[in-house]
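Undergrad: Here's a structure for you.
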Amino acid sequence: MDTPPSPSPVSSPGGGGGEDCCVKVAVHVRPLIADEKAQGCKDCVTVVPGKPQVQIGTHSFTFDHVYGSTGSPSTAMFEECVAPLVDGLFQGYNATVLAYGQTGSGKTYTMGTGFKDGYQAGIIPQVMSVLFGKIETLKHQTEFQLHVSFIEILKEEVRDLLDPSCLHKAESPNGHSGKVNLPGKPPIQIRESSNGVITLAGSTEVTVGSFKEMAAYLEQGSLSRATGSTNMNNQSSRSHAIFTITVEQMRKTNPLFAGDGSPNDGMNDEYLCAKLHLVDLAGSERAKRTGSDGLRFKEGIHINKGLLALGNVISALGDEKKRKEGLHVPYRDSKLTRLLQDSLGGNSRTCMIACISPADINAEETLNTLKYANRARNIQNKPIVNRDPMSSEMLKMRQQLEYLQAELCARGGFSSDEVQVLKERIAWLEATNEDLCRELHVYRSRCAAVDPREIDAQDICSVKGEGLKRSLCSLEASDYQMVETVQSDAREIDEEVAKEWEHTLLQSTMDKELHELNRRLEEKESEMKLVGGFDTAALKQHFGKKIMEMEDEKRVVQQERDRLLAEIAILSAGSDGHAQKLQDAHSQKLKTLETQILDLKKKQESQVQLLKQKHKSDEAAKKLQEEIQSIKAQKVQLQHRMKQEAEQFRQWKASREKELLQLRKEGRRNEYERHKLQAINQRQKMVLQRKTEEAAVATKRLKELLEGRKSSPRDNGLSNGHVTNGQSNEKSLHRWLDHELEVMVNIHEVRFEYEKQSQVRTALGEELAVLRQVDELASKGITPPKGKNGFARATSMSPNARMSRIASLESMLSISSNSLVAMASQLSEAEERERSLTSRGRWNQLRSMGEAKSLLQHMFHSLGDARCQMWEKDMEIKEIKEQFKELVNLLRQSETRRKEIEKELRLREQAVAIALATAASVGLISKHS
Ligand code: ADP
Ligand code: MG
């Protein structure tokens, strides 16, 4: 015993007590999950083999351990990180295991908080099994008592997950109602005892005696906590869950004052109590800045209050300078940090497990997680063995005794009487202590026995949440529809053109022929009109009648003549003067009659002549009529032929088109697809490259801004606090403010680009996933379901086209991925800077009212400027909108006009067709008649 034992009651004879011990930090890289693979995510996290080092982009971090990926296997995590802490429990050391990381990074998986049906892989189930295994081996010499509690912190409210009254509520399908405590039940409060121990007043602490029992409580609690899915919006991603196991132990064998007097003999410990907190933290992701959902944003800030405070606590504790200055650690800023006060920088052995996703889309959060976790490595804890106060007192006395004995030996002697008295006194004290301890233990067990709760093993169905469904971004959709030009074969076109030309030529010659026929027909018809202009039959009748009349007249005249001749003969026989006179009169009369007859004869002759002529013209008309008929027949024939030809051509054209379609569908189509795809690929790539370049410029600028100049006005051209010139001071303050604002705008820009790029990436990823799926199915000879989104297009592609599209998508994805990681890196830096500024206080730099006023003035001007500019832009936008509206109207009008014209055209075509058809049928009819 060379060194005097420490007088501190916290020192443990077993060693390790009160020792400085850093928070251990392990990283757990989970594999890419199905959802990420489906999106075509790239693994952007590298683990340096054989070293606990993680690289992402240009950043590199070192931890105590790295599991998963190319690091140590995840199965080694428990043995290396948690088993020592469980061992420590038996020595009386508190311990904490914290799982940190964004939602979906594997916290619950790693911790095993979502315990189900004896699932053994997580840390908590392994802790339980090791714990009970150890207890089994030690139970003959030590009495153990285990308690568990399971709480959740949601929106700065502590919920008791083992509260039996909440059990029934957890059955409700949304899994949310469980969070409300019964109205009669007082809310759970965090209390701090006089010796600085934090306790939860009002939470259920149940005694457990077996693995099975503890597992049942874990299951019950996790059911009441979560909906069991990784949906971003579910409760489990927004709340912190703390499963606490308290181990109390009482050594059964207790040799009074061990003979060998060894202070290292563990048997001297009477009562030890240690707590193990197993913490599944809320998702560490930042609330989306661009989210339009204001409520979620608020909630996001709210639930992150614990993580924010935890970050600040870690920062305060991790900064050696600050720690030495005795800077205030803001434990009281949140319920979480208050509850974990001992775990961070206090009486606990603590291990943090930073869970990360390797996917490029999560690069920013992964970086944030790694930075956060890296800082935690600097935290120094001071774990101590937790004894019962009485045991501590006894130990103290024992140590005192040892010390005195040593002293005694050294001095060479008290009187044996004195020693005897002292020894007796010690023995008495120890006996009393022993009694008291026992009593205490009895009370404790009684106390615990009062509250054995039954577990209703109920079938509470966990609501399986659906995975996050990404909505396809329409950003590049237009690109897919472009380039509809058909790249047909040139020869084909020639052939087609020739055929078409031939057709039109034929049609035009026939048209000419028809025209000629029509002309001739017209001629003949007009001729005919000239010839047969009057009714021949009527004429004939008329002439016939006329001739008959004349004949009659002639006969009458001849009779008259004959009568007169006879009279003359009678008269001449009588031969008298009177008779002579009568004879003369008769002769006169006869003469006129003769001329009359002659006249009539002439007339009759001319009539006969006329009739003859009429007959001739009749002949000519008949001939003409015949000619007309033949022309008409020719015309009909021609029209018929024309129709036939047109029909043939139409048929040929239709079959040609069908053939072409078929060709396109098959062999030639590939060519066409290839051209089209090439154009799409090239354009998309160009657009992507342009976007990436823009993003790179913004990112570079942000990097320069973040690195180049410091964020404090004092660092910006001012001698440290020593202000000589008021004006230059003001100027530099203004410059600083401008710089700050520029940083802000730049962050916004990069963030904007980042969101855009993510959307592009998602769209590319989804297309790639579909193509790969189709490709895989096709290789197995299965036709993929066409109904599914995007499948029809992918299926109709030729295998070659699909391959080239896949290759192109992959290359674009990798460009996008790199750009995303680069942006994420700067955004994470900016976030870091913002955090440090917030905690330090952006305005702490201002030292006088004058400075503040000047800065305010400057800010006022800046803001005024910005508002005016905004107003102007608003006006511009309004004008542009007006113009746009007008253009849209114009477009609409022209569209309706176009439709009208098209309709008209159609009608005309129909009319022409009808006219043609009727002309043909008329021709036929007239031919038949
Ligand atoms: P968190 O609790 O951080 O939100 P989860 O633990 O719910 O994340 O994990 C998200 C998804 O990833 C789950 O489907 C889970 O099964 C899976 N997962 C997490 N870690 C791993 C891992 N190491 N190996 C395989 N799958 C994992
Ligand atoms: Mg979880």
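Cβ coordinates are placed from backbone N, Cα and C, and glycine is handled just like the others.
TrEMBL lists these features:
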- GLY101, GLN102, THR103, GLY104, SER105, GLY106, LYS107, THR108: ATP binding site (BINDING)
- 717-730: compositional bias 'Polar residues' (COMPBIAS)
- 22-379: domain 'Kinesin motor' (DOMAIN)
- 706-730: region 'Disordered' (REGION)
Undergrad: Are any of the binding-site residues GLY101, GLY104, SER105, GLY106, LYS107, THR108 near ligand 2, with a Cβ under 6 Å from it, and if so which?
TA: LYS107, THR108
Undergrad: Using a 10 Å radius around each Cβ and counting other Cβ atoms from all shown chains, which of the binding-site residues GLY101, GLY104, GLY106 yields the largest count?
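TA: Most Cβ neighbours within 10 Å: GLY101.
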Undergrad: Can you tell which of GLN102, SER105 has the least company, meaning the fewest other C-beta atoms within 10 angstroms of its C-beta, among these binding-site residues?
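TA: Per-residue Cβ counts within 10 Å for the binding-site residues GLN102, SER105 bottom out at GLN102.
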Undergrad: Do you know which of the binding-site residues GLN102, GLY106, LYS107, THR108 end up with C-beta under 6 Å from ligand 1?
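TA: By the Cβ criterion, which requires under 6 Å to ligand 1, the hits are GLY106, LYS107, THR108.
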Undergrad: Measure from the Cβ of THR103 (ATP binding site) and count the other Cβ atoms within 10 Å, all protein chains considered.
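TA: A count of 22.
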Undergrad: For THR108 (ATP binding site), just count the other CB atoms lying within 10 A of its CB, please.
TA: 24
Undergrad: Taking the Cβ of LYS107 (ATP binding site) as the centre, count every other Cβ atom within 10 Å, in any protein chain shown.
TA: 29
Undergrad: Kindly assign THR108 (ATP binding site) to one of the three DSSP-derived states: helix, strand or coil.
TA: helix
